[in-house]
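Structure, as structure tokens:
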Amino acid sequence: MAFSGHHARKRFGQHWLKDESVLQRIVAAAALQPDDHVLEVGPGRGALTAQLLASPAASVQAVELDRDLVAGLQQRFAAEPRFQLQSGDVLALPQLGDGERRPTKVVANIPYNITGPLLERLVGRLDRPVEPPYQRLVLLVQQEVARRISARAGQSSFSALSVRMQLLAHCRSVCPVPPRCFQPPPKVQSEVISLDPLPADQRPPQAVAKQVEHLLRLAFSARRKMVRNTLASAAPAVGLEVWLADAGLTPQQRPQEIAAQQWVALAAALQPAL
């Protein structure tokens, strides 16, 4: 057997998805076409890999950190010419996937302890988006993170991450995934999300994007305080209320009450003073 005697390792955050219906929903959400090259992060024992290879996708390019799993994956898919495997840390590799056939989509059950850095690697930041963007990312993440990504202004889970991701991609929930669908089961609820990165002409201009990042760091460092206080250092106090009004905001609003596009308007209004 390819993976005989291998058990999930806590230090790698390994929780292998075993539910066939969830695996199928993940692949269906990716809407794979014959010209798609798929990047899979953390294939584990290959349950999702097998479903991806059963799709029309042109290739599946997987990245696995656990060297003990690499040999098993190579053995399991030895007869599949569309399968390629990189051994290494997805956060450290200089290039993801085949250099000649850049992945067009990402499908992955990612280790929850690297969700933030991995999202930055795959989608980018407002001031440094990944170029060219992937067409779609279908990711299995901790439900708390999924809710933060899709949260709207005024909701308790709305955060700087919500603003960043909503300005970089169309985000939607695919399905919740309970712990029983994994081996071993995690102690948290999970969710499949789909992200469609926005083209450059639908994202904030680079100069404004940098200002949005700056304002998010200031405001969400004290998310319960009014922006009149948290943004006081961003511009002269005498002009701050005028700039807030220009962006359609009031000094009494708190960061979690300001929608993603309002942060863009605020950054554009404050830009000359930053």
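Glycine too: its Cβ is placed from the backbone N, Cα and C atoms.
Look at Swiss-Prot and you will find His15, Leu17, Gly42, Glu64, Asp89, Asn109 tagged as S-adenosyl-L-methionine binding site.
Neighbours of Leu17 (S-adenosyl-L-methionine binding site), defined as other CB atoms within 10 A of its CB across all chains, total 21.
His15 (S-adenosyl-L-methionine binding site) carries neither a helix nor a strand DSSP state and counts as coil.
Here S-adenosyl-L-methionine is bound by His15, Leu17, Gly42, Glu64, Asp89, Asn109 per the record. The longest Cα to Cα distance in that group is 20 Å. Counting every protein chain shown, the number of other Cβ atoms lying within 10 Å of the Cβ of His15 (S-adenosyl-L-methionine binding site) is 23. Ranking the binding-site residues Glu64, Asp89 by how many other Cβ atoms lie within 10 angstroms of each Cβ puts Asp89 at the bottom. Around the Cβ of Gly42 (S-adenosyl-L-methionine binding site), 23 further Cβ atoms fall within 10 Å across all displayed protein chains.
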